[in-house]
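Notes for the one structure printed next.
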Amino acid sequence: MKIQNVFKNNESWIAGKLEKDPNYFTELSKGQNPDVLYIGCSDSRVTAEDLMGVAPGEVFVHRNIANMVISIDLNVMSVLNYAVEHLKVNHVVVCGHYFCGGVKAAMQSEDMGVLNPWLRNIRDVYRIHKTELNAIADESEKYNRLVELNVQEQCVNLIKTAEVQKAITERGLQVHGWVFDIHSGKLIDLKIDFDHVLKNIREIYDLGH
Ligand SMILES: [Zn+2]
């Protein structure tokens with residue numbers, strides 16, 4: 001990708017859209033009504049709309065290093081609040097990916113400077129699931145499993161918020177944990193059994209909704 005080609009690419013993109021539908025941008029400018037909030041990794045290989053095959057207007061997107069849902073991160077919490085309370089999405093997805101540099105970095109004993117507090121949240125996921133992870137001898141298998149468990153814990157972090165608890169009660173909002181496999185291009189639904197996962201922690205995080 002060459003930065004000087006971007007505007008030319010944009011012109012061909014506009015032409016392509018208008019060729020199929022002359023009213024495309026007029027319709028797009030009328031507003032958005034997405035049904036899904038997607039929280040994914042900033043990794044340049046893990047696109048959001050492209051890998052799901054969805055068009056502009058269909059998915060509300062937030063991306064950060066290692067698809068984290070951190071309760072004191074005003075950015076992700078604002079996105080979540082807006083998507084759930086105002087856009088009224090019915091699905092919230094956390095999508096991780098194998099070969100995630102953020103997860104890999106959190107497995108090393110290395111001082112990453114300003115990234116330390118962010119990556120510390122992934123180390124906490126490791127601590128919670130230490131017994132399972134330490135039992136995996138193969139390093140790349142362990143790495144893949146930590147990617148999956150990180151997605152699961154970020155889904156649990158979503159369920160700890162008042163917005164999500166309220167929307168689950170009021171309209172049956174659903175939380176989904178997915179992993180994108182860069183090696184095959186496949187999007188995998190982890191089919192997390194939230195009832196099972198939340199059984200022991202529900203009483204602690206219940207905000208009364
Ligand atoms: Zn990543």
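A Cβ is built for glycine as well, from the same backbone N, Cα and C atoms used for every other residue.
Some features that TrEMBL has for this protein:
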BINDING   Cys41, Asp43, His97, Cys100  Zn(2+) binding site
Neighbours of the Zn(2+) site Cys41, Asp43, His97, Cys100: Cβ within 8 Å of the Cβ centroid, same chain, sequence order.
Gly40, Ser42, Arg45, Val46, Ala66, Asn67, Gly96, Phe99, Gly101, Gly102, Val103, Val147, Phe180, Ile182
Considering the binding-site residues Cys41, Cys100, which residue's Cβ sits among the greatest number of other Cβ atoms within 10 Å?
Cys100
Just counting, how many other CB atoms are there within 10 A of the CB of His97 (Zn(2+) binding site)?
26
Number of other Cβ atoms within 10 Å of the Cβ of Asp43 (Zn(2+) binding site) across all protein chains:
19
